[in-house]
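Reading through the structure tokens given below for one structure.
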Amino acid sequence: MAPSTGTYLIRGAAVLGGEPADLLIRDGIIAERGAGLSDDGATVIDAAGLVALPGMVDVHTHLREPGREDAETVETGTRAAALGGYTAVHAMANSTPVADTAGVVEQVYSLGKAAGWVDVRPVGAVTVGLAGEQLAELGAMADSRARVRMFSDDGICVHDPVLMRRALEYVKAFDGVVAQHAQEPRLTAGAQMNEGEVSAVLGLAGWPAVAEESIIARDVLLAQHVGSRLHVCHVSTAGSVEIIRWAKQRGINVTAEVTPHHLLLTDELVRSYDPVYKVNPPLRTDADVQALRAGLADGTIDVVGTDHAPHPSEHKECEWAQAAMGMTGLETALSVVQHTMIETGLMTWADFARVTSAAPAAIGRLADQGRPLEAGEPANIVLVDPAARWTVDPFRMATMGRNSPFKGRELPGKVVATFYLGHPTVLDGELNTPHPSAAQPAGAA
Amino acid sequence: MKHLLSTQDLSRANAIRILDTAEEMSAVGDREVKKLPALRGRTVVNLFFEDSTRTRISFEAAAKRLSADVINFAAKGSSVSKGESLKDTAQTLSAMGADAVVIRHWASGAPHRLAATDWIDAGVINAGDGTHEHPTQALLDAFTMRRHWAKLAGTESEGANLKGMRVAIAGDVLHSRVARSNVWLLRTLGAEVTLVAPPTLLPVGVEKWPCAVSYNLDDTLAQGVDAMMMLRVQGERMNASYFPSTREYSRRWGFDDNRLRTLDRLGMKDTIIMHPGPMNRGLEISAAAADSPRSTVLAQVRNGVSVRMAALYLLLSGDTREPATTPVLATAGTTPSTKEAN
């Protein structure tokens, strides 16, 4: 049982953007939901004008620890997550050493517990060292204290079709899922940006859409053949959306993710040669952006995943070709999705809750995340001021990464409070304190 | 003109102004004392992250003829892991008081980074970046074509453009910064450009460029060409399956002796043959074509110095006005009239 987390009364929040209601939080759960609840003994949070949503769950976060603590640590990355409205993140496996053993995933899990800002769920590598040659000990990671259910070589594609087939089959033994970074390596050797009109002019080696789409097409067919669960990371092209839509119509067990940056930004930004816009998969065209938005709205794409990828400044203050790929995203995701999906009328806040909380929790098999905001449910809640507008300043973020492609943009929506298992990790838009269980001896929580 | 980064963002007035200034500079090269005091006390750094003796000495000669101090910086360690970063190099040059940086870099966009960041506030001239642009090469090509075109028309080069001139550019367009810079600039100057290449060596998206595209050199020649520019093709491309063999490439896309005879046969007596160098004789151009009276290869080299003098002068004189008729040498201390010098 978690230590006491206090009693809070959220007064008059629009639950999922609907009618205002009170939420009474006690001992880590939503004790009551209703109107005019008694504030006896509770800390009252006036939530008039705020939207209450289930705590967000990121299926795709790079926390960089162990190995690149100069880029991010579990502590700084999860502070950023809490500020962004998250109560759980999946930490990708491309750390140093790679998270390809029970030991490393348990280390990351423990660091997350010790930090106490969100639930950190390590992703296990599919292959040893992300080398794409030999399966990592997937079962050992699944059975570890970290209870890994998502496996990915993210950053690198599991391009060997036999290895991919075996991985898809093997993880069925413990209800796992393989999250594929879809990138045909031969078609993208040396690739620097989306291949098209802009790359032709800029003289940067192209990353063609077909390199993503051909792998997704192969993998959905493999998933169908062996009856496995496939998750496609950071879908970036209109063609990929079409293939996934086709696969779902055929009943193939596939889920897909889109990043906030692919919902908003295009390769036109690369004309500046500013490496803050360098990311993998690359920024695509406006037609792709529109298709991704439509795919997210109609359910073809299941979730928003940030692919939060902090880098030290020297990896971006250089020539484009030298620069590292990746963008920060945890502290801007909510605002970008509100801007691109809600303000455009494509989605409601209830849809937002589905794609940022319920669906990602289901993919990662997180039982106490992504739950409805009802009595008896775990109190993972985010309060959002949808009318607020703010200008993105990477130097005011909690993440160590300053590589936000939204720098200087005005975006809507501010996280006012985040409750993680009943405890406010964020209050009044500022970091509060970690969950009290963080102070417990490792393993006790 | 604060920087010269690409020809795509060069207006017609500015392009003609550079070419006209280069005509005046060219007169200096014809004099006994090939030197002007225009940039005395100014420091030009040749910052070369990629070997290119030709381009470097051309810029060096240009700067020296204008009496600038020249520093050659060959930055060999070109990766972050091996050597100094571009940022540190730029800040070092800035601290040394560089007024202009002439940068050659293997990475597309590196000159843009220098110009856009606060690492250095010197003027930046792009001397070739990756597979992006090589604006001074295109300007010297345009200068060479303009002289030819004006001569045929019986007019002066100054102030003239390339309206109506048919230019074919053949070779590895995909990896060519020369082709890119030429397409934009020649179009700006009114020429009609046709790119000729195997489909594998054309970028995806080329159909949006302001030029025609052909896979067949003979068809293009048959339609009439006033300037035929051959691009260097690297034999290694064969290993990446861009084409099956150097012999097949040469037969289909090389300017060989047969095609040289074709020009005569079709009556194109005034067609010039251009090449940015260095040439692969026997691959993209035959020895007979390279050495024929039609060849402008050496004139291009000579004109390169004039064009680079003009670029350096316009960058460092701080003159941002548009008119092409400014007596640019008046501020140089000497006042040679262009017409007299000719």
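For all residues, glycine too, the Cβ spot is worked out from N, Cα and C.
Automated prediction, rather than curation, is the source of TrEMBL annotations.
Here the structure is a predicted model, which means the values were calculated and not measured.
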Task: Per TrEMBL, A:His181, A:His234 bind Zn(2+) 2; matching candidate in A:Asp143, A:Asp154, A:Asp267 - done: A:Asp154
Open item on the list: Please identify which of A:Asn94, A:Asn380 is recorded by TrEMBL as part of the substrate site containing A:His62, A:Leu63, A:Arg64, A:Asn280, A:His311.
Closed with: A:Asn94
- [ ] From the candidates A:Asp302, A:Asp307, A:Asp351, give the one listed by TrEMBL for the same Zn(2+) 1 site as A:His60, A:His62, A:Asp154.
- [x] A:Asp307
Open item on the list: Quick check: in three-state DSSP terms, what is A:Asp154 (Zn(2+) 1 binding site)?
Closed with: coil
Task: binding-site residues near A:Asn280 (substrate binding site) (Cα-Cα within 10 Å), from A:His60, A:His62, A:His234 - done: A:His234
- [ ] Tell me, in order along the sequence, which binding-site residues from A:Leu63, A:Arg64, A:Asn94, A:His181, A:His311 have their CA within 10 Å of A:Asp154 (Zn(2+) 1 binding site).
- [x] A:Asn94, A:His181
TODO: Using the structure shown, find which entry in A:Asp154, A:Asp307 (the recorded positions) has the sparsest Cβ neighbourhood within 10 Å.
DONE: A:Asp154
Task: Cα-Cα distance linking A:Asp307 (active site) and A:Leu63 (substrate binding site), given in Å to the nearest integer - done: 10
Open item on the list: If you compare CA-to-CA distances from A:His60 (Zn(2+) 1 binding site) to each of the recorded positions A:Asn94, A:His181, A:His234, A:Asp307, A:His311, which comes out shortest?
Closed with: A:Asp307
TODO: Give me the non-local Cβ neighbours of A:His234 (Zn(2+) 2 binding site): same chain, 6+ apart in sequence, Cβ-Cβ under 8 Å, ordered along the sequence.
DONE: A:His60, A:His181, A:Glu257, A:Val258, A:Thr259, A:His262, A:Pro281, A:Gly305, A:Asp307
Task: Beyond the site residues A:Asp154, A:His181, A:His234: chain residues whose C-beta lies within 8 Å of the centroid, for Zn(2+) 2 - done: A:His60, A:Met92, A:Ser152, A:Gly155, A:Ala179, A:Gln180, A:Ala182, A:Gln183, A:Cys233, A:Asn280, A:Pro281, A:Asp307
